[in-house]
C-alpha cells in the first residue's frame, strides 16, 4: 500500500477531522488548460486520449502541477460503458456524443451484454493503474461512472438531448423495457467501479447528470433505486482503507434526504441549493461536496474569494464532512489563473473553521 502524502479528501468524505477543507474541481483535467489541448491534439481525438494510459495519466496530472488540488480524478468519459456495449459512440463536431446504434426497443436491450471491465474496458483500468503509479501517493485518485439513468438517456436518445422525449416515451409507454436496461446498466456500473477500485481508485463517484429532469416519483423509480443498488454492490474496503462513495444528481436538491439514505458516504451538491440548508437536512448522515457555481470563475479574484468565503461560512464551524468543489464541471473558457485563485482561497479561508 502506497502511503498517501495528502489524504484530506478521503478523511473529509468520512467526516474525519482535517486541517483545511480539501478541494478539487469537476472536469479539472480539460479544455480550459492549454497543456490539455496540446496533449489531446497529440492523441488525435478524445477517445484516443482516453484509450492511451500514458496520455490519460498525463492529462489527469496536469491540473495537479498547476494547482494544489487535494484529489485527482480519472480522465475518462461517462459513456465508456455504452460504447463497450456496442452502441457505436462517436464525437461529432459541434454535436457532442452520438450513438450510431441507439436503443429503440426491447430487443435492443435484450441483445446487449455486460462489458468485461478487464476486457472491452481494460483501457480504463490500465489508465487507473498508470495514474496511481504516476501520482506516487501525492493525493487520492477518484474513479467514476455515469448513473444508469444518465447512461440510458444517451443510449435511448442517441446522444445529448434537451427535451428527453425518446427516453420519457419509453419510460411511460414501455416502463419494463427501461427497467430492464437500467438493471443491466446498474450491474455494469457495479462491475466497472469495482474494477476501478481493484485497479487503484481510492474513492468513487456516480454522476447522475440528468436525474433532475424527472418527477419526484420517477426519480425514485428510474434513477435513485438503481444508484442504491450500485452503492449496495460496491467494494467499500480496499488496501486497508474505506473506499468512500459520492452520489451527485444535478438539480437534485429536492431529493437530498433520499440520496443520503442510500448508504453513500457523500452527496454532491450543485449550485442551486444553499449549503447551509443541505447541511441542516443531511449533514448528520453524510459528507457534502460542492457547490460553487462554475460560472463564478469568470469573476474577479476578489469576487471568487468572496463566494468561497460565503460557502465556507454556510457550511460552518463543524470542521468535518465538506469537500469543496464546483457545482458542476469547470467551463472550457475559464482563465486557468482564476481556477488557481479558487483553490488557494479554499485552502486559506477554510483553516479557521478547522481549529
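Yeah, the Cβs are placed from backbone N, Cα and C, and that goes for glycine too.
As recorded in Swiss-Prot:
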BINDING   27, 28, 29, 30, 31, 46, 77, 154, 209, 328  substrate binding site
SITE      77  site 'Transition state stabilizer'
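Under the DSSP three-state reduction, residue 77 (substrate binding site) is assigned to coil, being neither helix nor strand. Each of the binding-site residues 27, 31 was scored by how many other Cβ atoms lie within 10 Å of its Cβ, and the smallest score goes to 31. According to DSSP, residue 31 (substrate binding site) is assigned to coil rather than to any helix or strand. Pairwise Cα distances among 27, 28, 29, 30, 31, 46, 77, 154, 209, 328, which the record gives as the binders of substrate, peak at 23 Å.
Per-site Cβ counts within 10 Å over the binding-site residues 29, 77, 209 peak at 29. Secondary structure from DSSP puts residue 209 (substrate binding site) in coil.
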